[in-house]
């Protein structure tokens, strides 16, 4: 298993023909963030590999997740009568979140600046973004928590799925149209949430207890913004881009079935995980909300990464992801009735399996593509190059 190759020869050949194609129409991104990133990228030395920038940003997102897990393990810290998260933590999380967002914006610019753009760089970037979704959403949840003035854990579970489907929608577009239409919601949400973290440190979590307008609470605004952005911006724009490609006869998949295949595994993941929550004898989501979110988000990231590999290599997306098999078996066992501690053990075990499987997948895919393109993933130096001569910028 250690040397298993996930990328097929057909997909490797597809990567050789790949050309990056993306469209960004977000005014915030075009007129504010891109000029800012163009300035920031000049600070980085030209020997710094873009993938190292990408990975550093991802690690900051994971650090925020772990930091908040320490101070707010069960999402009760923001509830009245509970020990709140220290103000300095909100400041650190806000700053690191914005830095991570900035690094995600400059990695591609660093690649073009050093003439080191490769398909692996894009795959690495978007693959880590797919896993960052769960870290980002769950960390934000601590602002409101699940007390009487907060958001119920099942509602947050549904909001997490809104974010996950919004993310995969962009890659479904590219799978069918060949063009990645960058979603507006990402830039807006990152800037807004970074600001809200800092504000929370200044005014305290108690400020979010008060109504925003009439009896409309801030938690309701939080929920409405996520759902509204997905239904009123992301989904309509995705369908419009798909329809335009259909009218121009440029769709890569002509049948409805083939066009919808990328949604099969995510939908089944949603059905199985939701069935587990609803049939759980011990109310597993209430007992281990953070772990359950992480399990779902990790499985989703693996599904999305496989889709990204297929859309970049112009190959067919797999109908089902194998990680759904152990999840199905666990749901089946839980539905038959198990003790509370057994169900918790099953969740911990499944989460560990998903995490290790996804890390193995990522490491092996990076290794395969690095060997295929004869590059180092975190260096601009070419393998077997003469260290005594001038190094060429042909890395990631």
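If you go along the chain as it appears here, the first residue is 1 and each next one adds 1.
Glycine too: its Cβ is placed from the backbone N, Cα and C atoms.
Long-range contacts of the transmembrane segment (47-68) within the same chain, counting only residues at least 6 positions beyond its ends with a Cβ under 8 Å from a Cβ of the stretch, are 85, 89, 92-93, 96-97, 99-104, 106-108, 110-111, 114, 116-117, 120-121, 124-125, 128, 131-132, 135-136, 138-139, 142, 376-380, 391, 395-396. TrEMBL lists 47-68 (among others) with the feature transmembrane segment.
Residues or ranges marked as transmembrane segment in TrEMBL: 88-106 (among others).
The transmembrane segment annotation in TrEMBL covers 127-144 (among others). Outside the transmembrane segment (127-144), and at least 6 residues removed from its termini, the chain residues within Cβ reach (under 8 Å) are 54-55, 57-58, 61-62, 64-65, 68, 71-72, 75, 77-78, 85, 93, 97, 104, 150-151, 156, 159-160, 163-164, 167-168, 193, 196-197, 200, 205, 208, 218-219, 222, 290, 293-294, 296-298, 300-301, 304-305, 308, 358, 362, 365.
If you look up TrEMBL, you'll see 150-170 (among others) marked as transmembrane segment.
The transmembrane segment annotation in TrEMBL covers 221-243 (among others). Residues 143-144, 151, 155, 159, 162-163, 165-166, 169-170, 172-173, 176-177, 179, 181, 183-185, 188-189, 212, 251 of the same chain lie 6+ residues outside the transmembrane segment (221-243) yet bring a C-beta within less than 8 angstroms of a C-beta in it.
Per TrEMBL, transmembrane segment is recorded for 255-279 (among others). Long-range Cβ contacts of the transmembrane segment (255-279) within its own chain (Cβ-Cβ under 8 Å, at least 6 residues beyond either end) map to 154, 157, 161, 164-165, 168, 171-172, 175-176, 285, 292, 295-296, 299-300, 303-304, 307, 310, 316-321, 324, 327-328, 330-331, 334-335.
For 291-310 (among others), the entry in TrEMBL reads transmembrane segment. Listed by sequence, the residues of this chain that lie at least six past the ends of the transmembrane segment (291-310) yet keep a Cβ under 8 A from its Cβ atoms are 6-7, 11, 123, 126-127, 130-131, 133-135, 137-138, 156-157, 160-161, 164, 167-168, 171-172, 175, 262, 265-266, 269, 273, 277, 284-285, 316-318, 321, 323-324, 327, 347-348, 350-351, 354-355, 357-358, 361-362, 365.
If you look up TrEMBL, you'll see 322-339 (among others) marked as transmembrane segment. Tertiary proximity for the transmembrane segment (322-339) is limited to same-chain residues at least six positions away from its ends with a CB under 8 Å from its CB atoms, namely 265, 268-269, 272-273, 275-276, 279-282, 284, 299, 302-303, 346-347, 350, 353-354, 357.
Long-range Cβ contacts of the transmembrane segment (345-363) within its own chain (Cβ-Cβ under 8 Å, at least 6 residues beyond either end) map to 1, 4, 6, 127, 131, 284, 288, 291-292, 294-295, 298-299, 301-302, 305, 323, 326-327, 330, 333-334, 338. If you look up TrEMBL, you'll see 345-363 (among others) marked as transmembrane segment.
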